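Novice: According to TrEMBL:
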DOMAIN    11-53  domain 'FecR N-terminal'
DOMAIN    99-184  domain 'FecR protein'
Amino acid sequence: MGARGRMSIDEEAALWVARLQSSDATNADRAAFAKWQDSDPRHAAAYAELRALWGNLAEIRIKSPRKRRVQATGAVLVVALALLFGPELALRLRADATAPVGQVVHMTLPDGSRLDLDSGAAVVLDFDGHKRQVQVLRGTVFAEVVPDTQRPFLIQADALTAKAVGTRYGTSETGVIVTEGTVEVSTTAETLTLHAGEAADLEDNHLSARTADADAVAWRDGQLVFSSRPLSQVLEVLARYRHGRILLLNDRAAGRPVSGVFDLTDTDAALTALADSLGLSVTRLPGLTLLR
């Protein structure tokens, strides 16, 4: 389970209970649960206990007030975790690694390759003696691949598959960028070969090649770099690095060009700088930032 470092076994078990009892639980969820349950004897015990609490949510018939409080507390934990992680639940249960919002995660893979996860990214890893594969569940990743001609390095992101032997390239659900070496990018309909300094975008299931924007991978160094980008696009990027929404209430400012280098870990400072330079005001509310 990808969130192991941040959750206790009881919390993981609670998430599994909530997920498997939901109406949209899939066979993939059940297979992932079986893998989690078999990986540690404590998992099965924790799940069984919380599953029993879930079953008693609608009817608590224990005479002892103290036991009733304990059971109710456990039930509340299950429900609270389910509500807290809501849309994230299935993704977090499947992922082997995730990047928190507003942070970049650098990791070394089993083969020695390096994988960088952009803010909010989540991946599943599948490495053994015959294959090297990264499945991107969400977000953007960048790989520095250790050469291995016997095991091509595959990154799958939605409809895209990017295949390399030893190179440096980034992948998301909508495109690929190559900074070193050669990458074969494919969908079910077509295949492109990209070289260093090239990128490909996926739109309407069609791949189109272009010159890569070197600033597009500045996030790996904790920076967001913009060169004459419309404010509306800049705000969309900043929103990926913070919780809550950003709402621009000044239509005339939406298309104004923005250039600058910002620290992706401090989007509040970036928004203040943008507002000051464009003559806008910033209003911060819980879960919402307004520019006008």
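We number each residue from 1, going along the chain as drawn.
Cβ atoms here come from the backbone N, Cα and C positions, even for glycine.
Note that TrEMBL annotation is computational and uncurated.
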Novice: What does DSSP give as the helix, strand and coil breakdown of the domain 'FecR protein' (99-184)?
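Specialist: Taking each residue of the domain 'FecR protein' (99-184) in turn, the totals are 0 helix, 49 strand, 37 coil.
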Novice: DSSP on the domain 'FecR N-terminal' (11-53): how many residues come out helix, how many strand, how many coil?
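Specialist: Within the domain 'FecR N-terminal' (11-53) the tally stands at 35 helix, 0 strand, 8 coil.
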